[in-house]
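Beneath this line is the structure, given in structure tokens, with notes to follow.
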Amino acid sequence: MKSRTVLAKPGCMVILLIGLMMEERAGLAALGCSPRDGRQGRERKMAKMEAKTSLLDNMIGVGDMVLLEPLNEDTFINNLKKRFDHNEIYTYIGSVVISLNPYRSLPIYSPEKVEEYRNRNFYELSPHIFALSDEAYRSLRDQDKDQCILITGESGAGKTEASKLVMSYVAAVCGKGAEVNQVKEQLLQSNPVLEAFGNAKTVRNDNSSRFGKYMDIEFDFKGDPLGGVISNYLLEKSRVVKQPRGERNFHIFYQILSGGSEDLLCKLKLEQDFSRYNYLGLDSARVNGVDDAANFRTVRNAMQIVGFMDHETQSVFEVVAAVLKLGNIEFKPESRVNGLDESKIKDKNELKEICELTGIDQSVLERAFSFRTVEAKQEKVSTTLNVAQAYYARDALAKNLYSRLFSWLVTRINESIKAQTKVRKKVMGVLDIYGFEIFEENSFEQFIINYCNEKLQQIFIELTLKEEQEEYIREGIEWTHIEYFNNAIICDLIENNQSGILAMLDEECLRPGTVTDDTFLEKLNQICATHQHFESRMSKCSRFLNDTSLPHCCFRIQHYAGKVMYQVEGFVDKNNDLLYRDLSQAMWKANHSLIKDLFPEGNPAKINLKRPPTAGSQFKASVATLMKNLQTKNPNYIRCIKPNDKKAAHIFNDALVCHQVRYLGLLENVRVRRAGYAFRQPYEPCLERYKMLCKQTWPHWRGPARDGVEVLFNDLEIPEEEYSFGRSKIFIRNPRTLFKLEDLRKQRLEDLATLIQKIYRGWKCRTHFLLMKKSQIVIASWYRRYAQQKKYQKIKSSAIVVQSYIRGWKARKLLRELKHQKRCNKAVTTIAAYWHGTQARRELKRLKEEARRKHAVAVIWAYWLGLKVRREYRKFFRANAGRKISEFILQKIIQKYFLEMKNKMPSLSPVDKNWPARPYLFLDSTHNELKRIFHLWRCKKYRDQFTDQQKLVYEEKLEASELFKDKKALYPASVGQPFQGAYLEISKNPKYKKLKDAVDEKIIIAEVVNKINRANGKATSRIFLLTNSNVLLADQKSGNIKSEVPLGDVTKVSMSSQNDGFFAVHLKEGSGAAGKGDFLFSSDHLIEMATKLYRTTLSQTKQKLNIEISDEFLVQFRQDKVCVKFIQGNQRNGNVPTCKRKNNRLLEVAVP
């Protein structure tokens, strides 16, 4: 009864139909297994098919908006809401995925889900972002088509999370291996770094991306990731100095203050109190559910995985701290004698700490905040800055410093994650960029963001139509022209080189004279007045003169997503994005290597009087490059929508969603898809799904699938204008036709399920009867066996009882006989024992008497012999008594000496000088010899503990002692320092990968030395490498090899006897390496380098290298010989020796 109840459930009918009505071979083929897989394998694969096997199965609402009937805005929104209420956050528009942000975690991204969507048809399962990711990845891997995934939507819609899901899915399904896993990990860990520096909390989103990101992921021919390249667009750097109410600055500022250790904050001169920094808004400093300290640890770990060195990470944090402290600099007005106003810094403590962080001279930076130098051809004009201008300069510096740091981070990440091989690559691009923005107050940022979205909409429509047309041509279907809104006219209004808004904005910024936002708006009104998508009350067009909704200081553009009104205030300043040249030059003078690299235009040697490109022109060029890149790839689209502004789950705001649907152009997208045929499907799955609707195709169609579909549609009498046959697909024009097929299929499945249940119940009853019959036979046979066994056991028990009685009687009879025999034997034994005892006692008495007589004789004989010996020995005793006593005493003294030495032995340390005192004078030589033997023995024991590596180190130290002890003043300081050799981690640092590949031999020493310039005596950093056969010099920054000297060409090494690190390497005259002359270096590890060079040369050439130690020696520079002279002198730089070129023949080194 229980099994019948389960079978009667309606939800099981489809599974019963698939499982019982198909033939065995067809069923196994459909499941993808063979009869040898066994029952369990078939059951597992059948369970997998119990999930949704088609987009149309158990559909909530409509999974593909192309099938929505009727199609209008209300039905579109209602369908999204219905699916959202049932946790279905993904919906299709053809191949486009609509994603609703659920604002909560859903169990739809597990590894099991990844496997479920892996290598499946796009429409085979319910809509999911994994389906689109899998389709893009398989097209790239199998068809060699470069892919791009465009993710758009407004802030808070889930674009960043969508891009993470795409990357995590691709990482999960691509190949494995240590190198591949490292590349995947670096690609995934680049996200936390960019989010920390480029994301911020806004009123709409707690983790809003404030920059556009495009990542090209590169794959090899197998589909394994090789690396990637990231491009960033328009970081919202104005947020650094000012945030709207309820929003925060970029995450990294709060993460450093919350998660930085006390030691780190002390080095950065920061405190944990947010209120001490003017650039941090206090009303939203803390965000519920966000752990800034934990996120900071994640960011540091991600930077390490991506490949940032420790000093690079520290430099980045120092720049962030400097930006944070810039906001605390305040100015006060001060009048000069000539009547001009100038500004002064109120409190110079913050300025001092900034200069200590960045290595900038405080006076230089202070002047840059107070004065501005304007250069025109050969003239320089210096003007003072008032308080407002000083604050503008401060904020401009903070914004530029942070934005350039962000661009440097992107470049540095690209260096780490870029593909290292030169093979041909396949590319998948992921674009995560701002969505269309319409705020109450729209400015320059919203204008260029909306311009970018206009370009994306344009390429979206073009590529979608192109894809449709290519499929129609491929399938042999006649292409009909589709009417749609072409937004090229809006793009032209903005980007036209002659009359576009961006061109006029640039022209206004470059125009001499007074330039304001009003003059820019006036120019727009003159040029764009007649444009049908431009509106302004000040234009010549009279239709907007009385439009009170349009203020005089604004203009309005009718975008594809609707009308947007822009406030012209700030357009000119934000487009100029000027940073005073004085500030650039001050930054370039910093001793901080990173800051110096961020401001290359500050180099006086590379000064450029040309005006830098404007922000608008830069963004326009970036967008053009992006569009060109996207047009070379196969596009995939994800449209992100946020259901409410409260960032809360289970809330669906119809008006907000409708607004986003409009500006994303989703209805327009559906209309384009439905302009031809609304649904298309390959013949095989179509026939498999609907074959039960026709008797000729059910249960199996033996011919081609296309003929089967044609027979099926003719049998159902579907009008010919409702469908068309392609080469591999059936095209259905109207969704009503598809829904009609689904209704017929559902009704037919119910009929088949009833038939299956009837057949199953009959089979169940027959099986039960046969089982009962078989059980009766088994029970009868078991009972007969049981009865016979019981009878046999009874007979067996009786026989055993009779046998036991007989055996007992025979045993008792035998026992009586044995007892009688035992008594007789015992009596005989007793009599014999008594007789033997009497005899033994008599014999013992006789033996004792005989033994007493023999003992007496032996004693008498011994006494007699002793007396005889004493009489003979007495005459010799007096002559040898002294010598015998002396030898005996000496033997005892020596024995006592050795026993005492055993207990007084010193420790086994070779440096222990203790030795027991000599007890007797005659043992002096023996005492000293024992001391020498013991010392040699314990030295050997100590040496036996050394490894081969330690022996080599001590040999080098011994060699250094022989070469430099009492000759070089620097030698005593080097004794306690271990010789490491490899001071540069060339194998671990990706910066030196090129250098590592160029050197094939074992590197004996790798150290950064200062190479002394032959012309002026100044030092240049070089990487000094010593191998088994060569001395190499390489550039420290690029890793390129500058010089290579064979060890056979090195003739001598010269150095002074003083406490300095200078040494000269003399080369053989006429050799190829001696073209520019000898080398003069300065190193902190002189003793080690000279020792290793000496030993390596001796091992290679079998000749000792000449080490000359003198305070004056000659060095060959090209054709001239220069004398290097070492003198004592006071140093300005502390205890650092300095080198100066006195004349053409003298190079003087001042040693402290």
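Don't overthink the numbers, they just go from 1 along the chain as shown.
Quick reminder: no glycine exception, Cβ is built from N, Cα and C everywhere.
Feature list (source: TrEMBL):
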type: SIGNAL; residues: 1-29; note: signal peptide
type: DOMAIN; residues: 60-746; note: domain 'Myosin motor'
type: BINDING; residues: Gly153, Glu154, Ser155, Gly156, Ala157, Gly158, Lys159, Thr160; note: ATP binding site
type: REGION; residues: 623-645; note: region 'Actin-binding'
type: DOMAIN; residues: 968-1152; note: domain 'TH1'
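For the recorded ATP site, residues Gly153, Glu154, Ser155, Gly156, Ala157, Gly158, Lys159, Thr160 set the reference point as the centre of their Cβ atoms, and the other residues of that chain within 8 Å of it by Cβ are Asn101, Arg204, Asn205, Ser208, Gly435, Cys640, Lys642. Cβ neighbour counts within 10 Å, taken over all protein chains shown, single out Gly153 as the most crowded of the binding-site residues Gly153, Gly156, Gly158.
Here the domain 'TH1' (968-1152) has a mean pLDDT of 83 out of 100. Listed binding-site residues: Ser155, Thr160. The one with the lowest count of other Cβ atoms within 10 Å of its Cβ is Ser155.
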